Every structure is written in C-alpha cells, then in structure tokens.
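To keep things clear, I will list the structure first and then write my remarks on it.
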Amino acid sequence: MRHSKRTYCPDWDERDWDYGTWRSSSSHKRKKRSHSSAREQKRCRYDHSKTTDSYYLESRSINEKAYHSRRYVDEYRNDYMGYEPGHPYGEPGSRYQMHSSKSSGRSGRSSYKSKHRSRHHTSQHHSHGKSHRRKRSRSVEDDEEGHLICQSGDVLSARYEIVDTLGEGAFGKVVECIDHKVGGRRVAVKIVKNVDRYCEAAQSEIQVLEHLNTTDPHSTFRCVQMLEWFEHRGHICIVFELLGLSTYDFIKENSFLPFRMDHIRKMAYQICKSVNFLHSNKLTHTDLKPENILFVKSDYTEAYNPKMKRDERTIVNPDIKVVDFGSATYDDEHHSTLVSTRHYRAPEVILALGWSQPCDVWSIGCILIEYYLGFTVFPTHDSREHLAMMERILGPLPKHMIQKTRKRRYFHHDRLDWDEHSSAGRYVSRRCKPLKEFMLSQDAEHELLFDLIGKMLEYDPAKRITLKEALKHPFFYPLKKHT
C-alpha cells in the first residue's frame with residue numbers, strides 16, 4: 001500500500017533532520033541552520049527572519065585572500081543557512097531534516113508504517129486526551145519546546161546510558177550513549193521532539209534506513225547504519241553507529257584548508273560508490289553536501305604549514321559514510337519541486353524542470369570542488385545570482401532548458417536576465433571564474449579531477465555523467481592499482 005508523502009516546507013530547518021551535522025566539534029554551541037530555500041517559498045507558515053548579505057573580503061596577499069574567502073563562505077553559511085558551529089551530529093551538519101514522509105509500494109516500508117499505526121491505534125481515537133497528557137507530561141519530562149529533559153547518567157530503554165549531549169536542534173537532540181547490552185559500545189541516539197511533524201519525519205527516515213540497512217547489512221556501500229529505534233516517554237529515538245566529524249566540520253576546524261589529493265580521490269570514490277548504491281535501489285538522496293558526509297573516524301595529525309603560516313590537520317583515515325536519508329526519495333514517489341541545499345542544488349531543480357538521480361551527481365561535483373578548494377564555488381542564497389554564478393563558471397545555460405522552464409522571471413529573450421555591471425554582477429564576476437581557472441596545478445591528477453567535476457557539473461541532466469560511469473573515470477585508476 002502506497003502511503004502519502006508529506007509536503008515539504010522549506011522553512012523547516014533543513015539541518016534538523018540530518019545525523020551528520022551532529023558530528024562536529026563539541027566545543028561550541030550551534031545555531032539553528034535553516035533550509036536555504038526558506039526565503040524562496042514564503043507561503044510556508046513557519047517564518048524565519050531574514051539576515052543581511054555579507055561580502056567577499058579582499059586582502060593584499062594571496063594567502064590572505066584564500067583565508068578570507070573561506071571565512072566569507074563560513075559567514076555566508078551562518079547568515080543564510082542558520083549554521084551553527086559546534087556539536088557533533090548536529091545542525092549544520094545536521095541534516096535530520098524535516099522532509100516529507102515517503103510513499104512507496106515496498107513492503108519493507110509499509111510494514112513499518114502499519115506497525116506504527118497499530119501501536120498508536122488507541123491514542124488516535126482519543127486525540128484530545130493524548131494531547132492533554134502530552135502537555136501535562138512535559139512539565140515533568142519535556143521542556144517547553146518538546147525536548148526530552150535528560151542528563152548524563154540517565155538510561156534510555158533500560159539499555160542506553162547517556163554520557164554526553166552531542167547537539168540540539170529544532171528536531172530534538174542527539175546524545176552519545178553507552179550500550180550496556182552490547183559490551184559497552186558507544187552509539188549516537190537521536191531523541192526526536194514530542195511534536196507530531198518531527199515524529200512523522202523521523203518515521204520517514206527510519207523507513208529508508210531499514211530498507212538500506214537490510215539490503216546492505218554490512219555497510220559495504222557506506223550508508224550510515226541505524227542500529228534500532230524505540231520510543232521513550234513519547235519520543236521516537238533512533239540509534240546510530242557513532243561516527244566522526246562531518247567533512248565540512250573537519251574543513252572548518254582546519255581553517256578551511258583543502259584536503260590532500262589522495263584523500264579527495266578516496267573520499268570521492270566512496271561517495272560515488274555509496275550514492276550509486278542508492279541509485280541502483282531507485283532512490284535519490286537529494287541532500288548531498290559535505291555536512292552529510294562523515295568520517296568513520298576523524299583522528300588527525302597536525303603539523304605547521306609554513307606556506308599558510310598556521311598549523312594544518314591531516315585526516316589519518318579518509319574513510320567516510322553517507323548520512324541523512326530523511327529526504328531520500330524513491331523513483332515512484334512524489335518528487336517535491338524544491339530539493340537540495342542551495343550550494344549543491346542542480347540547475348534543473350532551480351529551473352523547476354523536474355529531477356531524478358542526476359541531481360545527486362551535480363551535488364557530488366560541488367562537494368568535490370569544495371574538498372579541493374576548501375570553500376564552495378556557489379556562495380549565494382538567490383536563484384538568479386546562483387544561475388549567474390553557474391554561467392560565469394560553466395558557460396551559458398543550454399537554450400532548450402531555458403525554453404522549457406516555468407521560471408521565466410529569470411530570463412529575457414532566452415538569456416539570463418542579469419546585469420554584470422550591478423553591485424551583484426560585479427560581485428559574481430569577482431568571486432567566480434571559469435571552472436579550470438580554479439585549478440591549483442596543471443599536473444595530470446588535477447586535470448583528471450577537474451575533468452570528472454566538469455562531467456558532473458554538466459547542465460543537462462540527460463548528458464551528465466552517471467555514477468556508474470564516474471566510478472570508471474581515470475581519476476580513480478590509482479585506487480585500482482592498490483586493490
């Protein structure tokens with residue numbers, strides 16, 4: 001039986017449904033990071049206040065420019081995505097997003113749905129009493145926002161002893177726990193708010209994770225493993241394996257210095273392999289970004305970099321896992337018009353031309369160049385400006401895509417309606433340049449990486465490289481020599 005997919009409201013905090021974001025440094029508090037599309041669909045009833053734009057800081061030396069460019073991007077993320085540095089498993093990275101529930105004919109997903117329905121059958125017929133009990137219980141067990149009040153030493157489900165709070169957001173909180181039934185292993189438990197819409201989103205993510213974990217029980221394809229889920233005092237709790245920092249948080253804590261080429265190669269191959277697994281299972285992730293790519297372990301070595309005049313961290317083991325399947329969509333489900341976080345959003349999504357698996361490939365291309373540079377090449381919150389940045393980096397948009405789009409306000413006479421001499425136009429011209437000009441070296445491996453990125457950033461989704469093809473790209477040949 002096909003169950004309905006809830007309408008996604010971009011004003012819900014996108015990071016709130018992502019396991020990845022909670023794996024950041026625990027020394028800072030996180031702010032709420034809202035979905036970048038929130039400012040584009042004001043009809044949603046959950047309103048977020050606007051913030052002012054921040055501009056690229058120019059400085060005298062090349063090193064200073066690179067550093068300030070990265071700082072600009074971080075400030076941009078803070079301003080326009082509600083990003084807050086800080087706790088592992090949480091908000092910017094945090095992508096336990098409030099997305100729609102899935103509709104699929106697959107028995108694995110519908111069986112969970114029916115099980116959940118039967119479990120709450122009685123309370124559904126006594127909604128008034130249920131809401132009264134919930135409100136009353138919050139004075140004892142929940143805070144005013146619906147978070148479960150808990151502290152170190154508390155035990156969930158007579159099994160998971162809380163040792164630390166890793167992060168907190170609109171969806172709930174994530175805690176690190178000791179699993180006393182499995183030899184004291186450490187796990188991450190997401191405790192969802194006792195609020196209907198967040199519970200529904202959690203159920204949607206559980207369904208996808210159950211399917212993926214059953215299909216790949218040993219995590220060969222590097223999707224995060226959900227160990228189990230349970231209810232605790234009205235809160236859905238999802239138990240995950242404990243992972244390291246997100247790749248974004250590692251870059252951020254490393255002063256926005258990029259990854260080494262050999263690490264980029266290994267990470268890129270694992271990401272492509274993981275997402276290709278999703279695609280082969282008729283799923284599109286729809287929210288790939290560095291915050292949703294987590295290191296299995298984020299141990300690092302540190303040495304002084306005389307060129308950058310600061311200490312530089314090098315990850316010891318670049319193995320990764322992909323997280324946050326709250327927005328993953330099956331081929332036969334309803335496809336929301338707007339998906340993906342702004343920086344990683346494909347042109348067919350911006351132009352409302354419809355999307356499928358190729359939108360994930362575009363996102364991966366954006367991720368790889370961010371790993372290479374240390375910052376995103378599309379730092380914007382505006383669709384018209386985003387398209388202008390694309391044209392500056394990748395050349396003119398294809399005429400057939402312009403002619404098909406319903407977003408006519410972005411175009412005039414089948415060309416992007418963009419004034420290069422305006423302040424915004426000058427900013428884009430200064431901030432962006434043709435793709436190959438971002439190359440830091442003309443060495444063969446750099447050429448191969450940019451060839452792969454260029455194929456991933458093909459405008460036309462029908463011509464964009466598939467991940468099955470990408471895994472055979474010459475950039476990955478050195479990996480195959482060692483296997």
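Placement of Cβ uses the backbone N, Cα and C atoms for every residue, glycine included.
Feature list (source: Swiss-Prot):
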ACT_SITE  Asp287  active site, proton acceptor
BINDING   Leu166, Gly167, Glu168, Gly169, Ala170, Phe171, Gly172, Lys173, Val174, Lys190  ATP binding site
COMPBIAS  26-36  compositional bias 'Basic residues'
COMPBIAS  37-49  compositional bias 'Basic and acidic residues'
COMPBIAS  84-111  compositional bias 'Low complexity'
COMPBIAS  112-137  compositional bias 'Basic residues'
DOMAIN    160-476  domain 'Protein kinase'
MOD_RES   Ser61  phosphoserine
MOD_RES   Ser139  phosphoserine
REGION    1-49  region 'Disordered'
REGION    84-146  region 'Disordered'
MOTIF     29-33  motif 'Nuclear localization signal'
Within a 10 Å radius around the Cβ, which one of these binding-site residues has the most neighbouring Cβ atoms: Leu166, Ala170, Val174?
Val174
Would you count the other C-beta atoms found within 10 angstroms of the C-beta of Glu168 (ATP binding site) for me?
23
Whole-number mean of pLDDT values that fall within the motif 'Nuclear localization signal' (29-33):
37
Cα-Cα, whole number of Å: Glu168 (ATP binding site) versus the residue listed as 'active site, proton acceptor'?
20
Restricting to the record's ATP-binding residues (Leu166, Gly167, Glu168, Gly169, Ala170, Phe171, Gly172, Lys173, Val174, Lys190), give me the longest CA-CA distance in Å as a whole number.
14
Using a 10 Å cut-off, grab the number of neighbouring Cβ atoms around the Cβ of Gly172 (ATP binding site), all chains included.
28
Val174 (ATP binding site) to Asp287 (active site, proton acceptor): how many Å between their Cα atoms?
20
Which whole-number value in Å describes the distance between the Cα atoms of Leu166 (ATP binding site) and the residue listed as 'active site, proton acceptor'?
22
From the Cα of Asp287 (active site, proton acceptor) across to the Cα of Ala170 (ATP binding site), what is the distance in angstrom?
18
Between Gly172 (ATP binding site) and the residue listed as 'active site, proton acceptor': CA-CA distance (Å):
20
Under a three-state reduction of DSSP output, how is Val174 (ATP binding site) classified: helix, strand, or coil?
strand
